[in-house]
Amino acid sequence: MAISKLSIALLLLGTILLCSSSVKSEVEEEASAVVVLDNTNFTEEVGKHDFIVVEFYAPWCGHCKKLAPEYEKAAQVLSKHDPPIILAKVDGSDKTNKPLTDKFNVKGFPTIKIIKSKGEVEQEYKGPRQSDGIVKYLKTQAGPASIEIKSKEDAKSFVDDKSISIVGVFPEFSGTEFDNFVALAEKLRADYTFGHTKDAKILPHGDSSVDAPFVRLFKPFDELFSDFQEFEVDELEKFIEEASMPLVVIFDNDESNRPYILRFFRSSNVKAMFFTSFKSDKLEDYKTELHKAAVEYKSKNISFLLGDPMTSQGAFQFYGLRDTWLPLFMIQDKTNRKYLGKNVEPDQISFWINEYMDGTLTPYKKSQPIPETNDKPVKIVVGDSFSDIVYESSKNVLLEFYAPWCKHCNKLDPILEEIAIALQSENIVIAKMDATLNDAPDEFEVSEFPTLYFFSADKKVKVFEGGRTVESITNFIKKHKFPPTAEPEVTTEAEAEIERVARPKAETVKDEL
C-alpha cells in the first residue's frame, strides 16, 4: 500500500527527533531488574503475564544507551509494585530475534511495546523516557483506564506540570455520561492519563462551582486547563484532541515537548512553521506575534510551530531550507504544497499569513540546482528540471527515486547504466532523482528507496515492481514503451515469481520513535 509524502515526512521527523542529541550513560552496576528475552523464551515468559513491557534495542544504539539507566531504575521501582510490573528487553539487532522484530513491526531502536493478556494484545508505549515518567505512565496503563481521585493529595500527584491529565467530575460514578467517559479513557489511555472524582474542590485549577458532570483537561501550557460538558463520545474525543495541543508547539530539545511535535506533524491541519534562533533578541516578539496568529486562525484548522534551527537541522535538510533564509516562515498545506517567507520580521507574520489565506503566494518547490552538464548515460533529474525531462519530453522515461544513503540504490546504479547504454539508440531515457533533496509531483508516491516509475511517451505512469535485474527492467520498458514493440516479450507466471523473489528488499525510512 502506498504511503503518503506526509507519512514520509512524519517518519523522517521521527528519525530527526531521535538523532538530535547524543548522551553517554551507563547502567548502574547492580542486579538488573530488566528481564532479558530472546526468540527462545519470549513466548513462554510473555505467556506468564497479563501485562509486560518489552524494549527492542540494539547494543550500538546511542538512544538505547541513553534509555538504559532510566529503564533500569523504572524496572527496580515497578518490580515492587502490587502486582509487580515486569520490564523486559530484546536485542533486536540479533538475527536470531528477527521473528520477534518482524512480528512487532520494529522499524528502529529503541522500540517499546506494552503486551497484555498473555500476548494477545499489544500497544505502543507512548510515555516519557525518564524513570519517574516511565513509572507513572506504566502504573496508569496497568491499572484501570480511569482512576478515582479522592483527595487533594491524590489530585496533586495526578496532575503534574509536564503532561496532559484529564479528570471527569460526576455526582455519581454511573450513568451514560460516566460510562462514555470510561469508554473513551480505555480507547485513549495510551495517549492520556484519565481520572474521575465527585469533588471538583480538590482539583488544583479551575472553577469548583461548575455543575457536574463535566470534564476538565489539565495541561502544562496556555491557560492550564479547559472544561467541557458534552459527553457524546465523538465530541468528547474531539475536545480532548484539540485542547491537548499548545496553540504554538515548541520544537526544541525539551523531551516534554516531543509528543506535541509528533502530533503536530501527524495532524491533517495546515502547518505554519516558524524557525528562528532561540538566542535571538527578538524571540519574545516572534512568540507574541505567533500566539496572536494562532488564536486568530485556530478555527481555520491551521497549526503553529516555533522551531530552533539548531535542533531542527534534519527538518531543514528534508524540506530543502537554508540557514541564510532565517528567520523563516513556512506553510505546508493539506496537499503538501509549501510557501516560504524568508528573513521575516515579527510585524510581518500576520501579513504573511494573510497573503497565504488570500491565495497570492507562490508555492515553493524543493530542488537542487539544474546540472550544467547532464551527458552521462543515466540522466540527473531535479525538482526544477522534472517537467522538461519527464512531462515535456517526447521520450519514454524510466525514473529512479533514490536516497544517497540507500545501499540498494547504490547496487542499482551499474544496472541502470548498463540499460541506459543498451537503449541509448531508442526513444528511451533512463534517469534518477535524489528524493531527499527534490520535490516531485504528487502522482509519484515514494514510500521506499529505490522506487522506479515509467512515464511513457503517451503520458502514462506505471510503477515498476519487478526484479532489479537488467533483463527484468529491460523487458518492462519494452512492454510499456510507446509506441509499443511489435511483439513484446511475455513473462510467464514462473518467470514473474522468480523475478519477485530475486527483487531485494527496499529500504524504507526508519521510524525510530
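Using the three backbone atoms N, Cα and C, a Cβ is placed for every residue, glycine included.
The model shown is predicted, which means the values in this text are computed figures rather than measured ones.
Cys64 (disulfide bond) counts 21 other C-beta atoms within 10 Å of its own C-beta, drawing on all protein chains shown. Annotation source TrEMBL lists disulfide bond at Cys61-Cys64 (among others).
Taken from TrEMBL, the feature disulfide bond applies to Cys406-Cys409 (among others).
The annotation domain 'Thioredoxin' is assigned in TrEMBL to 25-143 (among others). Residues belonging to the domain 'Thioredoxin' (25-143) score a mean pLDDT of 91 in the model.
Sequence annotations record features per position, and here TrEMBL assigns domain 'Thioredoxin' to 356-482 (among others).
Annotation comment: TrEMBL describes 1-25 as signal peptide.
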>> Between Cys406 (disulfide bond) and Cys64 (disulfide bond), how many Å separate their Cα atoms?
In response: 23
> From the Cα of Cys409 (disulfide bond) across to the Cα of Cys61 (disulfide bond), what is the distance in angstrom?
Replying inline: 24
>> Give me the count of other Cβ atoms within 10 A of the Cβ belonging to Cys61 (disulfide bond).
In response: 18
> For the domain 'Thioredoxin' (25-143), DSSP counts of helix, strand and coil?
Replying inline: 46 helix, 26 strand, 47 coil
> What is the number of other Cβ atoms found within 10 Å of the Cβ of Cys409 (disulfide bond)?
Replying inline: 22
> Hey, how far is Cys409 (disulfide bond) from Cys64 (disulfide bond), Cα to Cα, in Å?
Replying inline: 28
>> As a quick check of your reading of DSSP, tell me how many residues in the domain 'Thioredoxin' (356-482) are helical, how many are strand and how many are coil.
In response: 39 helix, 27 strand, 61 coil
